[in-house]
Each structure stands twice: as C-alpha cells, then as structure tokens.
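Engineer: Sharing the feature lines straight out of Swiss-Prot:
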| type | residues | note |
| --- | --- | --- |
| BINDING | THR11, GLY12, GLY13, ASN122, SER186, GLN287 | UDP-N-acetyl-alpha-D-glucosamine binding site |
Amino acid sequence: MKKVVLAAGGTGGHIVPAALLCQVLADRGYRCVLYTDQYFLQYTARFPGIKGYVLLPLCKRSGGAVRLLKFCALLAYSCVLSYIKLRSLKPDLVIGFGAYASFPVLLSAWLMSVDAVLHEQNSVMGRVNRVFAGYARVIACGLPLRTVGNKLAHKVAHVGVPTDVKKAVKRPLAGDSINLVILGGSQGLCTFGKTFALAIAELPTNIRGRVFVTQQCGKGQLEVITELYARHGIKHKLSGFFTDMQNIIGEADLIISRAGATTIAEVMAAGRPAIYVPYERSSCSHQLYNAQLIESLGAGLCIEERTLDVSSARDALTNLLGDRNKLQEMSCNAAKHAMPDADAQFCAIVDGLLKG
C-alpha cells in the first residue's frame, strides 16, 4: 500500500482541501496521514473519517518579538519531529497545501528525497510553496497563477480546489424570502460584518422585510449585531463558527465573504452569486487578485475594504437584490467556471506519480 503524507494548517482555506483529498485518497486505497496544527480540531466533526493525523505544536507568527521567538522555536521543533516521524513512516509522496504547518513536512521530504506535490489554492503562490516550488514534482493550483517563472511553468497543473459543496438546485431569489450569508473566513476576520449589518438595516423596506441573514461574527460583534437586527426586525442566525457550510452556501441567494480561494471554490461549486471583500493584509494581496479574477468572470463583485462603507455596501446590496436577472447571471457564471472534479483531477496526478 502506497503511503501519502498531506500537510496543511493555519486556516480552513488550507486545511479543508487537504482533509478532503486525504479522505478521497484513502478511499482509493492509499494509506494517508495528515500533518496539521491545532486549527484542524475545528474541523474534526466535518471529517470524521480522518483518524490518522498529527498535530504539530505551532503557534501564530504575529504578536511581537516574544511570540516570534516562540514561533521560531516551535517551528524548529516541528521540523525535527516531522523528520523523525517521516523517517519511520517512509512515505512515497508528500503533498503540501501551504501555510507554515506544511514547512516541516516538506523540508523533511526534501531531506529524505521523497517526491513532493504542492497545492496552491490562490492566484499568488504563498511563502512556503515558493520555497519548495523548485523541488516539487507538480504544482497543482486552485486558481490560475498570476506569475510563474519559465523554470516552473512545466510543473503547473490547474486542478481547482477540492470541495464537498455540490451545485445548488435553488435559483437566486426564487422564493419570497432573501437568504443573505455573510462569512468572515475561518479566522473570523469579519471586520466588515458590522458595515454590512448597518447597510442591511438601511435597505428599502420591500427588500429588508424579506431578508434572512446568516452571519459569522467575531465575539466582539455578536451582541452588537444581534441587537441591531432585532431593533430593525431583521430575521437572523449569528454564530462565531458554522460547521454546516454546504447547506448554508447552497441555500444562499447572495453571499458576502472574504476572498480566500477555498471559500471561492465552495461558492462557485454551489453556483452562488457573491460579493467578495478581500482581506487587506493577505500575503502578496492574494485575496484581492482572487476577487478581481472572479469579478472578471462575471461570477462575483469585488469591493475593496478601503473603499467600503455603509453607503457603498447598501447600494451594492440594493442593486443586486433588486435585479434577479443579474444574480442569476452571476450564478450561472459561477457554476460555469467552477471545477467540481478537482479531487478527481488531483487524484489523477497522484496516481500518475505513484502508479504510472
């Protein structure tokens, strides 16, 4: 039985596609082990089939000099730990999905001369993937990469982002109610949530009265936004973290979200129209480039956070929710450009390397 190690961590954008591929490869007869970090514990209920995983003792890099020193020490320890474990396991292939949690595993693969495959979800390659791009046999990408050097171009394969979200049957604004979904990313980076909440409260009465809001909120915003919606009679469901993303996305008439590639893949797989608000501090502005790409495909609207205020949010919502044809056009474009067979395409790459 061929052994495959997958490595991802930090955010759901890295963890979810890695966990999905881990399950699919295991179903195809591979022995799979997922190397990740503490953030995976938020997703164990979603992936109950994954029993073989290793939690690397990593922490966030940001937070001052002391935190940086702690991060470096834990990263070094994780490198040693990964090397010892991989020497014992003797994997046939290592697949890195980005984030610092993948660094120790990919470094160990390089030291052991084990073949490696990278998956870059975003349109701009992340730091860890850039480090190992030269070593990797294949660079699988979720979105078309903006810049790829001539030395790497032959390695790139556009496979999409593995997702378990299926195409929704429901058409946007097909019923009387309007299901608005506001997501903040797996790290709860929904600083724009209150802005859109205030904008929803200012929508024309004929639209506001039909709205049901499902919204991911940080702890500091939950009480404030709950009170705001209650005061304006807006039906709502708020939470810091949702586990049933497939149903939430599938039932949405319009989604408002950050522009991480995994979220985009889920939204497009469901064929949902969306407003994307890129996280300003995303590395190399990758969320901005992601959102601009989707906007150019006619599958979503990109609003930069620096230009976002209550007025612009209200106008965008009013224009879209008042135009069923526009939402349906965006929905069709999202479904048209989705890659629902990403896991199968990725498996074909793995099969080619290990069975070919």
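For all residues, glycine too, the Cβ spot is worked out from N, Cα and C.
The shown structure was predicted, so the numbers you read here are calculated from the model rather than taken from an experiment.
For each feature listed, report its degree of burial, its nearest neighbours and the pertinent distances within the displayed model.
Structural biologist: Summarising the environment of GLY13 (UDP-N-acetyl-alpha-D-glucosamine binding site), the number of other Cβ atoms within 10 Å of its Cβ, over all protein chains shown, is 26. For the recorded site, GLY13 (UDP-N-acetyl-alpha-D-glucosamine binding site), the DSSP three-state label reads helix.
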